[in-house]
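J.: Here you go, one structure.
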Amino acid sequence: MKGLVQFLVAKIILLALASSFVYCYDPNPLQDYTVLPPTKLMEFMFVLAVFVNGKFCKDPKLVTANDFYYSGLNIPGNTNNRLGASITNVDVSLIPGLNTLGVAIARLDFAPGGQLSPHIHPRASQIILVLKGELSVGFVSSNEYNYTLFSKVLYPGDVLVFPIGLVQFHANNNKKTNAVAISAYGSQNPGVIPVGNAVFGSNPLIDPKLLAKAFALDVNIVRHVQRVFSSDADIVN
Ligand SMILES: *[C@@H]1O[C@H](CO)[C@@H](O)[C@H](O)[C@H]1NC(C)=O
């Protein structure tokens, strides 16, 4: 019995050590591709073992072109929400062949006056290309560079880069036409943290008195903003 416990403890320590570098960053590909098996199989394997290099791989002999393929970014996202915008993400959850390759793409749609509110992509830098309309975009540096705002108004054909981890926003200032952009990311799963949702729409809510002090706001305004964010629809498709 004691031997078994020691064995299990040793195994857990070994797994912890082995996974420390697996989880810290998008790893570089270790081979040409490591396509995900169907979700059900993956769940089954997850029970049996740990993730290695992101996800489990499909047998390379069984990989087909469809494992690298997605169709549908020609379809506009639904912008019928409070912010008048939508993100259609095409990441590793939709293209299994993206696994470990460190890229993903998304379509951004904006109704007239719509915006993607200040947010952070925790795992990737981003580069956007405007296809239609005009977008007022920007990002803010960290305290180290004095919270400097870098902003531009982009038109079709214009490209802007957003460094990883900085607060950024995209807004369609045009009140008459919609806007469309394509966004590429340096991660198979860039993630998104809308600042408002994280701060004012958490589950459970952060103490409104704490937020009132943090943001120099009246506590009733904080409660109002919390109600708005708590009932906001998710704009990521
Ligand atoms: C930030 O502000 C400090 C203090 O004023 C200054 O010394 C430093 O050069 C600034 N850095 C940048 C990147 O603006």
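Every residue gets a Cβ built from N, Cα and C, even glycine.
So TrEMBL says this about it:
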- 1-24: signal peptide (SIGNAL)
- 71-223: domain 'Cupin type-1' (DOMAIN)
- His119, His121: Mn(2+) binding site (BINDING)
- His121: oxalate binding site (BINDING)
J.: When a 10 Å sphere is centred on the Cβ of His121 (Mn(2+) binding site), how many other Cβ atoms does it contain?
T.: 22
J.: Within 10 Å of the Cβ of His119 (Mn(2+) binding site), how many other Cβ atoms can you find? Include all protein chains, please.
T.: 18
J.: Taking DSSP as the reference, which of helix, strand or coil describes His119 (Mn(2+) binding site)?
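T.: Note: His119 (Mn(2+) binding site) is in a strand by DSSP.
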